[in-house]
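According to Swiss-Prot, the features are:
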type	residues	note
DISULFID	Cys80-Cys83	disulfide bond
DOMAIN	39-177	domain 'Thioredoxin'
TOPO_DOM	1-4	topological domain 'Cytoplasmic'
TOPO_DOM	26-185	topological domain 'Periplasmic'
TRANSMEM	5-25	transmembrane segment
Amino acid sequence: MNKKILFIPLVLFLLLAAALLWQFNRNADGDDPTLLESALVGKPVPVFKLESLQNPGQLYSQKALINGKPLLLNVWATWCPTCRAEHEYLNTLAEKGVRVVGLNYKDNRVKAINWLNTLGNPYALSLYDGDGMLGLDLGVYGAPETFLIDGKGIIRYRHAGDLNAEVWKDEVQPLWNKYSKLAED
């Protein structure tokens, strides 16, 4: 009887070790929440009414995003170190004619304006989402996140994390080219 009681902690330990090992393997092979496709891909941009970042009181709705041509909606904040890392590349894309709309997310308006004045402003339009409601409606995990929106206001792609030259070339640019061509037809 005593021998059986001694084996109970060993069995419990082995079960716990097996569960931990399973969880580590599960996370290592692709259960990364940033890789989840947005539930909004293929659907219109959520209805919103937000102020301009630089001009409080000047309101914009989702209709401001629709002009027949695709755009990138970039969710960013000054408290986000990865946003700083991607900012220079966003400036480069804007210089190449890519329409980028900024969504300043849960941030301090004054700090955000100073950031753009210091680092450059790649945004054709800057929206202020101080309470994060549009971010919530978009299913944003955090900043940065970038959405490709076609000329009709339909979300076609979501990227969580740094939008850099490699991500642009491999993932976003082919879709950008596709929806730009459709806008021309």
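Using N, Cα and C of the backbone, Cβ positions are placed for all residues, glycine too.
As the structure is a computational prediction, the values presented were derived from the model and not from experiment.
Secondary structure of the domain 'Thioredoxin' (39-177) per DSSP (helix as H, G, I; strand as E, B; remaining residues coil): 49 helix, 37 strand, 53 coil. Sequence-distant contacts (6 or more apart, same chain, Cβ under 8 Å) of Cys83 (disulfide bond) comprise Trp76, Ala77, Ala143, Pro144. A 10 Å cutoff on Cβ-Cβ distances gives Cys80 (disulfide bond) a total of 18 other Cβ atoms nearby, all chains included.
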